[in-house]
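TrEMBL has this to say about the protein:
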DOMAIN    A:16-391  domain 'RCC1-like'
REPEAT    A:14-63  repeat 'RCC1'
REPEAT    A:64-115  repeat 'RCC1'
REPEAT    A:116-167  repeat 'RCC1'
REPEAT    A:171-224  repeat 'RCC1'
REPEAT    A:225-268  repeat 'RCC1'
REPEAT    A:340-395  repeat 'RCC1'
């Protein structure tokens, strides 16, 4: 569950919307109930980045401070206790730092400061906090293993974590926590678990621009647009213990992982998917002929129903997917593809698709976001937790 | 349809719920109690949604532990078993005895 775009224009104002599973307070609405339609969250500071976990949310403000809310029973909110928070609350331990990147996992959380320090909190089972033990932490604590080295990004999955380091020796990815499905990528064989960070093998020569973790999956995106995945196999395929380059003639600019599927956004604005035979189900027609390195079969499917719509952002929950659009490529389609249109598909039982009901969807559907006529909407960013969805919608006065 | 097949050793013992749990994609936990396992139940359900998983385990592992040590004790116990019973009596192995697989993650039951 990750996202790493940074907002350029702080003059923009924002609306924050949420929907889906809400019984742990993760929607930030102050209520403990599922919402089937987009809910507007009352005034908050503007956010540069959100990350949504199993049932909690981490928000990074433009002022580089951190707010969290939702389930806190494992200490994942970093408030020093094991209490849920129905509303966004500051992580005070981090107030002395400028935070640049955050990631929410199933029940743990990671925070990276501007100067490259990694802080972590939450459930410590499987060693996924990287502190050398299996204990929970209720407040963010520095991962001392990296000493003075520069951590650039953190990605928290269900039972494991990945860290991206940048420095003189190039980019390095580290894994810690459970390796039962190969998700650590640290060895050719499956590793039960490690409680201290270990180097991911097979990415040494790769210039890594971002990392992702969700469920038992891991992924890295290279600066030249290649996607590497490792961990649990998609669609019943064998698990993969080392980063495997997904062979494609497209160049990718964003990757989003679910528990049984992965989405890739191409430079051209198309969305491709790996796996998804669970609830992320899509029709198998319109398969793109792309070859997977290992199995020599078509593995990457182009998402149907998006012809001529340019996608600018993607997000994956455990079993649902969300995208946001840019301008239509054809003028005639402009009316239906405004900037920042939100589309959702996959599992819908908790209203996480925002379509007003609980039905599953096999193709992307438009989630209608209420419009304020006095506002010009510029761009939207989408984020998914396990069974819920957040949208940050930027606007300026007309 | 079962959402997934999960081995019991991959489930975590939750002391508050008194159940073995596994993350559910809705954000809640699939749950199954020792009593359910004892009678051969293999479906762990999520209290918040319609999904369930199939738990893979050996039913014999959940046979009543007391019957082994208290009732059906053979007259000549193998040495290992005597040590085991003594350790149990002393409470030295508390936690480990309850769930051998909980050692996997270094978290006692």
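Note that Cβ sites are derived from N, Cα and C of the backbone, with glycine treated the same way.
TrEMBL labels come from automatic prediction, so no person has curated them.
Computed from a predicted structure; not experimentally measured.
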* the repeat 'RCC1' (A:340-395) vs the repeat 'RCC1' (A:171-224): three or more C-beta pairs under 8 Å (separation of 6 or more)? -> no
* In the repeat 'RCC1' (A:14-63), how many residues does DSSP call helix, how many strand, and how many coil? -> 0 helix, 25 strand, 25 coil
* Asked: Which residues of the same chain, at least 6 past either end of the repeat 'RCC1' (A:225-268), have a Cβ under 8 Å from a Cβ in it?
  -> 1, 157-158, 179, 181-183, 185, 187-190, 200-203, 206, 210, 212-219, 274-280, 290-295, 299-300, 303, 310-321, 323, 346, 384
* Could you give me the DSSP helix, strand and coil counts for the repeat 'RCC1' (A:116-167)? => 6 helix, 23 strand, 23 coil
